[in-house]
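Over in Swiss-Prot, the protein carries these features:
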- GLY75, ASN105: anthranilate 1 binding site (BINDING)
- GLY75, 78-79, THR83, 85-88, 102-110, SER114: 5-phospho-alpha-D-ribose 1-diphosphate binding site (BINDING)
- SER87, GLU217: Mg(2+) 1 binding site (BINDING)
- ARG160: anthranilate 2 binding site (BINDING)
- ASP216, GLU217: Mg(2+) 2 binding site (BINDING)
Amino acid sequence: MLNLDFIYENRNMSESEAELCMINIIDAPDTVKAAFLTALYVKGITPDELSGFSRALRKLSSISINIDKLTDIVGTGGDHKNTINVSTAASILLSLRIKIAKHGNFGITGSHGSADFMKFIGYKFEMTEYDIIKNLNEKNYVYILAPVYNKTFAKFSNVRKKLGIKTVFNILGPLTNPLNPENLVIGAYDDETAETYASVMLKQNKRAFIVSSTMDEISPEAESHVYYVNNAIRKFDLDPLSITGKRINESNIIEKDPVKSFNIIIDAFKNKNRDAASFIALNAAPALVLNGISRDITSAYDLCINDIESGAAYERLRRISNED
């Protein structure tokens, strides 16, 4: 039964209350959904509530398989930078060494979302659970297109458009991968959101790097704020110069035209665009630390760059795009 007493009592929900509330509100009238989203917007969202909502949405997914040692790397979007889709590129690069379950969608806030790039390279989104397991076993990689495996977001789309405000759904995406990976690298559009994500990761017993900078990923030229979650939360600042040995001008990795942006990524994998390659490797590196492949981000970055320079990364891109 749907209970929205928290609205009238002006209080925060517990994690279990939030989970039950989300499950029950899915099929409520749009007027009720609007009241729910507006109340959260005015009140503010706590880590308990965000954790409960994300658990509910994962339960509502059409995927019911459990696979250990998966990693996702994802950004919130919303920085309006039109950078190349570095999290998607990094996920493909990382599949050379770890199992990746990339969760994403077509572009909403930017002109080119992760699914737009995957479609560009020829990836087939519709998969059975057997296909998902097969791809992970054979290629270390699967891309989970959010609307295909979870219809919940679509049920709120009309209300969100009419409200015209940032709702909890703007930040739920990175937390709702139906394969429930235990390791996550999340780029957040501001430090407050990054801190909230870190608290949620701790509550859900996950290992994570949460980053925020001038963009929703590790910046190649400015310091990034990092929350490292592994049984506790540790915050530190990351200077890209100390990792890459050079600063990359952000203008070299920003492109509004989707096709040109996608080709920057492909050139990076071919080792023809060193600035973009460095940017991708920088953002891939934390995932290798989470998985125990590297002891620190610098050595992880070196591994990622070597995988690009050796040609292995481009071969993996071709294999994932079903060209093999």
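Just so you know, glycine gets a Cβ as well, placed from its N, Cα and C.
Features recorded in Swiss-Prot, as mapped to the structure shown.
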| residue | record | Cβ contacts under 8 Å, 6 or more apart |
| --- | --- | --- |
| GLY75 | anthranilate 1 binding site | VAL86, SER87, PRO174, ILE186, GLY187, ALA188, ASP216, GLU217 |
| THR83 | 5-phospho-alpha-D-ribose 1-diphosphate binding site | MET215, GLU217, GLU250, ILE253, ILE254 |
| HIS103 | 5-phospho-alpha-D-ribose 1-diphosphate binding site | ASP72, VAL74, ILE144, ALA146, GLY173, PRO174, THR176, ASN177, PRO178, LEU179 |
| ASN105 | anthranilate 1 binding site | GLY113, SER114, ALA115, LEU145, ALA146, PRO147, GLY173 |
| PHE106 | 5-phospho-alpha-D-ribose 1-diphosphate binding site | GLY113, ALA115, ASP116, LYS119 |
| ARG160 | anthranilate 2 binding site | LEU37, THR167, PHE169 |
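DSSP assigns GLY75 (anthranilate 1 binding site) to a strand in the three-state reduction. SER87 (5-phospho-alpha-D-ribose 1-diphosphate binding site) carries a helical DSSP state (H, G or I).
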